[in-house]
Amino acid sequence: QIPQISYASTAPDLSDNSRYDFFSRVVPSDTYQAQAMVDIVKALKWNYVSTLASEGSYGESGVEAFIQKSREDGAKSLGCPRHPRRGGHSPEPRGPAPSPLPEPSAYRRCSLPRRVLEAAKRANQTGHFIWMGSDSWGSKISPVLHLEEVAEGSVTILPKRVSVKGFDRYFSSRTLDNNRRNIWFAEFWEENFHCKLSRHALKKGSSIKKCTNRERIGQDSSYEQEGKVQFVIDAVYAMGHALHNMNRSLYPQPRAILRTGAGSSCRREQQAPLPGLWGWGFFPIPAVGAETPCPAGIAGTPVTFNENGDAPGRYDIYQYQIRNATAEYKVIGQWTDHLHLKLESMQWPGGGRQLPSSICSLPCKPGERKKLVKGIPCCWHCERCDGYQYQLDEFHCKRCHFNERPNENHTSCTPIPIIKLEWSSPWAVVPVFIAIVGIIATLFVVVTFVRYNDTPIVKASGRELSYVLLTGIFLCYATTFLMIAEPDLSTCSLRRIFLGLGMSISYAALLTKTNRIYRIFEQGKKSVSAPRFISPASQLVITFSLISLQLVGVCIWFIVDPSHSVIDYEDQRTTNPHFARGILKCDISDLSLICLLGYSMLLMVTCTVYAIKTRGVPETFNEAKPIGFTMYTTCIVWLAFIPIFFGTSQSAEKMYIQTTTLTISVSLSASVSLGMLYMPKVYIILFHPEQNVPKRKRSLKAVVTAATMSNKFSQKGGFRPNGEAKSELCENLETQALATKQTYVSYSNHA
């Protein structure tokens with residue numbers, strides 16, 4: 001009778017589960033199996049797994065026990081329907097759904113692992129999933145046959161058991177003729193040999209043949225002993241011993257004799273009927289005598305039960321591995337109340353030894369915060385703390401202070417680097433070189449003029465204003481060093497003073513010169529008397545009056561807004577914090593700079609207007625011509641400066657470009673004045689001293705007459721490009737005037 005009981009016991013469930021309670025109590029309960037699987041998951045450092053179970057008490061109760069034991073939230077369970085449908089969650093192949101097997105089928109639960117592996121193979125997910133199977137998978141070959149690569153690395157558990165000797169010989173001898181009592185054996189026969197017992201069940205064109213009853217188990221089909229045979233035998237004997245004890249309790253006087261044979265098998269001697277106990281009848285069982293019951297099960301291990309009536313859990317842990325093209329289940333550990341797992345013996349898909357991860361969400365990288373998925377606390381999305389934010393804690397980001405930026409991995413804030421224009425920078429080398437050359441040239445001119453201070457050319461150039469103009473040129477060059485020096489209170493104060501002062505001194509002196517020439521010739525057209533305020537002292541007063549306006553404006557600026565240095569963190573606060581810089585600079589905004597240079601620009605424009613008006617002065621009296629060229633060139637320089645300076649306000653190199661542009665523009669303005677006004681004079685003084693002689697005296701009337709005649713000739717079109725009359729005519733007019741006029745005012749040739 002053992003084979004029939006063994007086979008029937010593998011059915012998932014019957015209409016009344018209590019009929020098989022005696023078997024399920026001997027097999028380790030779902031609680032132990034779930035605990036063993038949870039321990040394996042923890043040992044493999046998996047914290048998020050999906051569960052897939054067959055419908056019914058076995059699968060669903062197992063998943064429920066697993067979830068309870070894991071104590072994790074968010075576990076997913078995907079039920080496998082009894083009637084797979086195309087397009088649903090079922091891992092069944094495409095095509096007509098197979099006919100559902102009768103409910104008490106031994107194959108529904110056993111076929112689930114294979115169907116899942118087939119579905120994974122069809123979806124090209126080989127190696128993507130790591131499977132963990134319960135004892136329904138165990139170490140069976142049938143679920144993984146021809147699916148070895150998909151199943152590689154799978155971890156399964158199986159209760160400790162031994163193969164029952166004699167069972168294989170007995171079961172392989174069963175046929176349809178000698179095993180009619182088992183109502184499921186015919187169904188097993190058809191399934192095992194892929195044939196049909198009824199001719200009417202055959203379909204035309206089908207490869208399934210009719211059963212001949214000459215098939216033999218293990219010869220015409222693969223066979224392996226069902227793993228639970230041992231437990232079925234132990235269950236039967238446990239039930240027998242229980243009824244023996246109950247019989248002895250109910251009937252103190254012995255009604256039957258049970259003789260204990262050799263080993264652990266008990267031989268029935270005679271039968272005595274017992275009344276039904278649970279509303280349904282028992283087959284007659286052996287009566288129990290005073291002898292000791294069988295102490296051990298078929299495997300030699302004690303058959304014991306805990307306080308819940310469950311047998312203790314003892315499991316072998318297997319892994320399906322492929323080594324040298326050979327696939328096999330290899331024991332990698334055991335579980336008896338606690339886990340013993342040999343991690344070094346495990347092998348994963350592709351022959352890898354590194355433990356695969358199984359988590360819902362990877363740990364967030366440094367600088368990332370967790371954004372939890374609603375309802376699943378172990379799942380989250382990682383969001384980068386971008387921009388100027390850093391990771392405050394596991395779930396929050398916070399913006400750094402205005403003078404800080406996040407470090408490379410956004411875990412903390414670091415001070416933003418402070419930059420300034422360094423002396424070694426190419427942006428500083430070029431302006432400094434120009435300034436040094438300009439200062440040397442200016443000092444050379446000053447020394448030359450001082451050395452030849454009493455020569456006619458120096459006198460004719462207006463010594464007083466020349467020295468003032470040279471001072472302004474020197475300050476323009478010196479401003480470069482203030483603009484590049486490290487900003488502090490003193491440096492910023494000097495910048496405010498000298499940036500506009502050098503240009504104001506230069507253009508005030510030039511404006512005074514051109515205005516003097518203009519007034520002389522305008523006055524000569526009206527009268528022979530000399531205009532007022534043309535003496536050297538008057539010229540100096542006018543010049544210093546114009547310069548004082550610049551100084552008054554600077555003083556007012558100091559009172560309203562005292563000078564200081566600042567660190568500007570907004571000017572180069574780039575989108576990428578890595579490139580953010582703080583700029584150490586003076587508190588001079590673009591608007592303040594315009595106001596600072598605005599007065600100098602006004603003097604420059606006014607001087608240019610007078611230079612244009614005096615362009616018609618005769619060549620022999622004309623210093624306005626080089627002044628005019630100087631002012632035209634200077635205007636061009638500053639017209640180029642404006643778009644370069646303000647057009648780079650959004651550039652990352654703004655500080656460097658604007659400082660370099662400003663210093664070079666100021667130096668070029670000074671160089672134009674120095675080169676056009678003084679270099680020709682220095683050249684004559686040093687290399688052509690024969691030309692450094694006094695010219696003949698000229699009266700005011702001669703000068704005025706020459707200017708008037710020049711204008712007349714200019715109106716007739718007989719003029720030179722600069723508007724002056726021919727030299728010959730001027731000379732004749734001057735000669736006539738000198739012959740008729742005895743009282744005259746003398747002027748140098750530049751006047």
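Cβ atoms are placed via backbone N, Cα and C, with glycine included.
Per TrEMBL, the stretch carrying the note transmembrane segment among 497-518, 541-562 is 497-518.
Long-range neighbours of the transmembrane segment (591-612) within the same chain, counting only residues 6 or more positions beyond its ends whose Cβ lies under 8 Å from a Cβ of the stretch, are 496, 499-500, 503-504, 507-508, 510-511, 514-515, 517-518, 546, 549-550, 553-554, 557, 624, 627-628, 630-632, 634-635, 638, 662. Here the transmembrane segment (465-485) does not touch the transmembrane segment (624-646). Their Cβ atoms form fewer than 3 pairs under 8 Å, with each pair 6 or more residues apart. For the domain 'G-protein coupled receptors family 3 profile' (427-701), the predicted model reports an average pLDDT of 85.
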